[in-house]
Amino acid sequence: APAVFTEAEFYQQNFNPQEYLKEYYSMSSSPEWAREFMMQNLRTLHKMFSLDGVRGDILIDVGCGPTIYQLLSACEHFQEIIALDYTEQNRRELEKWLKREPGAFDWEPVVKYVCELEGDREKWAEKQEKVRKKVKRVLKCDVTKANPTGPVSLPAGDCIVSTLCLEGACKDLPAFRSALRNISTLLKPGGHLVMVTVLGETYYAFNKQVYSCLLLEKHEVQEAVLAAGFELKFFEAQPYTVDDDVTDIKGVIGLVAQKCPSA
Ligand code: SAH
């Protein structure tokens, strides 16, 4: 494990989006465990975005990274998507795919898998276009700031999706708790938070670099979400381990929480 917390600036200096995508999101070149992990998360996202009430106008993706898998089930239920991430090269990589630029990552196998989950594998091209059309803005954010998108102010979202971001961005539990409060300011009262977070992990590595991860227990995540003014609607923890020293992950959580109407 890294001796120090790898903060947002470390991501900005070191994170290589193409290597990240190759390591974790490629149906052809990622290791078996990474593909399994992704498919499990896709199934959980599919389930969570099928829940009643998880819909509306604006969806905000917090810590989107260079990926779109987290938007594939989501895009069916929202009109407009705003994607946020700290790291410039990740936002750029995402835009490359959105604009069909040469060298963009090939998400096709992943899109097909999600379409299959939704009952019609043939809809994959249509879904890709839907995502491309609905993502209207890709902007910088910092979840450790009280106003994560400052100085830009966004329209309040009906939903936030955030996958595998906060546990990397927060150095300790108090920081995790305040990041949840920070991102909750992006949400309308009554809006939903859809989150995928790893459990029991202290580091992950790819491209010969090690990133720190906040070691989280199930009950800590649960309590932090409640303390940030949410009510839990869905909470599913699954064990997950990898027989390799690239990470010490123990499990993964999918959760849906609703921002209290008075919060
Ligand atoms: N959501 C993607 C990417 C996860 S990688 C996925 O599911 O694969 C973690 C992401 O968090 C990186 O893109 C990194 O740039 C971003 N990040 C790290 N610190 C952050 C911060 N303080 N604020 C916002 N994003 C941050």
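Including glycine, each Cβ sits where the backbone N, Cα and C put it.
Please treat TrEMBL annotations as automatic predictions, because they have not gone through curation.
If you take the C-beta of Asp142 (S-adenosyl-L-methionine binding site) and look for same-chain residues 6 or more apart in sequence within under 8 angstroms, you find Ala8, Tyr86, Pro148. Per TrEMBL, the feature S-adenosyl-L-methionine binding site maps to Tyr20, Tyr25, Tyr69, Asp85, Asn90, Asp142, Val143.
The binding residues for S-adenosyl-L-methionine are recorded as Tyr20, Tyr25, Tyr69, Asp85, Asn90, Asp142, Val143; their greatest pairwise CA distance is 24 Å. DSSP assigns Tyr69 (S-adenosyl-L-methionine binding site) to a helix. Mapped onto three states, the DSSP output places Asp85 (S-adenosyl-L-methionine binding site) in strand.
Taken residue by residue with DSSP, Asn90 (S-adenosyl-L-methionine binding site) is part of a helix.
In the three-state DSSP reading, Tyr20 (S-adenosyl-L-methionine binding site) counts as helix.
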